[in-house]
Amino acid sequence: MPDGAARLSAGEPRATSAEPWSKQNPFLQGPFEPLFNEVSIRSLEVIGRIPMELDGALYRTGSNQHMRPANPDLFHWFDGDGMVHAFHLRDGKAGYCNRFVETDGLKLERAAGRPIYNGIYGHSGVRQAPLPPGAPRIKTVAGINVISLAGRVMTMHEADSFYWHLDADSLDTLGKFDFGGRFKSMLTAHPHVDPATGDLLVYGLNYDEMYVECMSIGNMGQVNSHVRTSMPITPFVHDFIFTENYYVFFFGPIRWRPYAADTVLAGNSAFSFDRGSPTRILLLHRKTGVAKWLEARSFTCDHYLNAYELGDKIIVDATVTETLDPNADIRPEEFFPFPLVDKPSPFSGPQLWRIEIDLARETVSDRRIGEFAAEFVRPNESVMGRPHRYGYMAGVHNPGPQTHGFNCLIKHDYLSGRTQYQHLSSEIEMTPGEPVFVPRDGGEDEDDGWIMAIWYDPRRNASEMTILAAQDFDGEPVARIKLDHRVPLGFHGNWIARTSLR
Ligand SMILES: [Fe+2]
């Protein structure tokens, strides 16, 4: 539980805005509207009962723009400053705090009193202004994920060669964790723990020397293994997955060059669309570093549930956006069609797919799972790398005229084919974020544990954290933990048990 005063900063988090920075841009309004205050709250209202064995915190981060953007109408969701939120649970009680991640770019803008950086994902339309000596060339916002590594809480972007170390209780930014300066690549915000070894598997991309590298990091932060191979393209890769023997990448048709002189620095998007490009699949052997490449039709894997080997096949379960016309001339502002904004898109909505890679025949097949839209997919991580039964995700099911985003959490059973939905309210559509599975101590079944998620309630313009029994997925939550302010719809996070911290 956080110590100190009930609230560390004056005033309440801004719950409503009479003057949003943009009345056109959905990413600056409603459930996306940034918070400005950083608070610590000792005790939250709880409906139900928080299981006593839960001792730790659910950490979540997302986009939370601090300065009025230079061009608010062009602001992109992915460009907001990172703000980490923590729901601390102990002895059946809940506390909360939130903090900006004090990145170099945010500190420079605070000192200047104005935004001085272009966005990476969107575009400002103006050339990057001259920066102080030693300043980062682009602004990385550390707003994608929160993990535990080497007994510490870390948060990160995906265009840096380091992670940010946070205080587990106060969320104060303590410094950079750079693996001893060993890696000269952009490190992923989606590392995965290999349950077979306990190591954290991390990849990095270097677009100057055109290689991808994969590292297995031990629980003291040491590099236990390291392989790398060259890349023929400059892909946008946001996640990867692994099996017993392979690191698995899908390089779709979207390209990404955040540090190139003609992109962000020139006021252009770091993204581009490679018209007519297939999807290139990289299987990088975890021990030998031997690379095998295959091709598939045009789609983008957004997030992975899991992958495993089955004879000569590799099975990959992921959320995918399909390129509806690979030969179209697609603009960067049309990318990433999360079901959150009402705009036509050259891509399908995010869907759950099973992809099968036949190593003997060197073929790739795919099929959609279910009729729902799905994103932010997570498994019971203790089964990663080997066959799983269940997947959990945020999704859209039975949308109505008022549906503008995810309206439920979804549990899919790959063995029985059964899909369950949790809408939380029968009266109004509430919007959930990523569900995180927390196994029950001593549990044997794959779904013996809890699902934690943060939901936005439009009636209150406020958020709450729910704890669901995963085996009673569509039943009443065991606990609803209420905030009186909004956690802006964000990205990723994890449950980190207190005992795992040093
Ligand atoms: Fe992600």
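Backbone N, Cα and C atoms are what each Cβ position is placed from, and that goes for glycine too.
Pulled from TrEMBL, these are the features on record:
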REGION    1-26  region 'Disordered'
BINDING   H190, H238, H303, H492  Fe cation binding site
Densest Cβ environment (other Cβ within 10 Å) across the binding-site residues H238, H492 belongs to H492
Long-range neighbours only, meaning 6 or more apart in sequence with Cβ under 8 Å: which ones does H303 (Fe cation binding site) have? H190, H238, D239, A318, T319, E375, F376, V377
Could you name the residues, excluding H190, H238, H303, H492, of the same chain that surround the Fe cation site, i.e. Cβ within 8 Å of the Cβ centre of those residues, in sequence order? I144, N145, A189, D239, D302, Y304, F491
